[in-house]
Amino acid sequence: MAASACLPANCGSSACTRTMSAMLDLAPAKSAYPAVRRITPQPMARRLHTRLPAAAEAVSGLMRPDAQPLGAGWRQVTVQLADLEHVLQGHDLTPLTPELGACVRRRQLTFLAGRLCAEAAMASAGGAAAWVARGLAGQPVWPVGWCGSISHNEDRALAIVAPQDQQWSVGVDVETIVMGDARTAVESVCLTARELASLALSTAPGIAATLRFSAKEAYYKALYPHHGRHVDFLEVEVAHSDGQQGVFQIGPAAAGETCRPTLPLARGHYAVRDTQLITWVCLSLPVFLKQGYDDHPQH
């Protein structure tokens, strides 16, 4: 979401790499997804084997197939960042992440982790190792024949992919469930009036607030590559109640909010795993590319 691009203007601060903690800066700003920076397309796993062969095998063993609700055509892989840091401790990550330039180690680690997850997921789906390029704003640019999405928070990185013949565009987002002041900050920036009213009825407001933030992040990731414009948090809203376990609906905000009529309505999925919440949003490309939508979620 363009309205949440609150990270400092440094490497990797893009709509696809924001975390909930970054939202607390609360400095709304616009960002763009311009043309892709052209680089030598060497897969991350190959870079790792070339430069750190002793660590590469251990790193490969950290990649875990991950449950996802989108069906048999999809593959998701996750890695715990603390485990990855433990294996790579003492090694300079700069040669592995030249796309980032001068950057803090944590950003290098999350970038490396996301690409390794993406490559492992493609391999799990029967594909060859292929580099997921990086756009100038930091967004992943998938190799021909693939669609997917990458996300990370302070604990884990994950990627979900499918062959492009699935005819879907996907967004995934992982967040730590917000409480206290963090929840208040998210509510004040990210939720529409109807969402706030719905949240007041929830028996798990931390999960409900995190779900709405995360769902909008995932929706934006799925939308942008094919829609080509920015979407503010208040342009869309999530319809969900406590009784709807694992699913939600997302689409244009109701009249009176800052909505535009060409945003599609989508069904999303979510899962709560301990203190983490993961959301997935899929858009059907044949339907979406045929025409826009002006439907509103039904509460």
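Keep in mind that glycine also has a Cβ here, set from the backbone N, Cα and C atoms.
What TrEMBL lists as domain '4'-phosphopantetheinyl transferase N-terminal' is 103-162. For the domain '4'-phosphopantetheinyl transferase N-terminal' (103-162), the model gives a mean pLDDT of 93.
Secondary structure from DSSP puts GLU217 (CoA binding site) in a helix. Look at TrEMBL and you will find ARG107, ARG115, SER151, HIS152, ASP173, GLU217, LYS221 tagged as CoA binding site.
Residues or ranges marked as domain '4'-phosphopantetheinyl transferase' in TrEMBL: 169-248.
Per TrEMBL, Mg(2+) binding site is recorded for ASP173, GLU175. Within 10 Å of the C-beta of ASP173 (CoA binding site) there are 31 other C-beta atoms, taking all protein chains into account.
Within the same chain, the residues at least 6 positions away from ARG115 (CoA binding site) whose Cβ sits under 8 Å from its Cβ are PRO43, MET44, TRP131, VAL132, ILE150, listed in sequence order. Counting residues per DSSP class in helix, strand and coil order gives 20 helix, 19 strand, 21 coil for the domain '4'-phosphopantetheinyl transferase N-terminal' (103-162).
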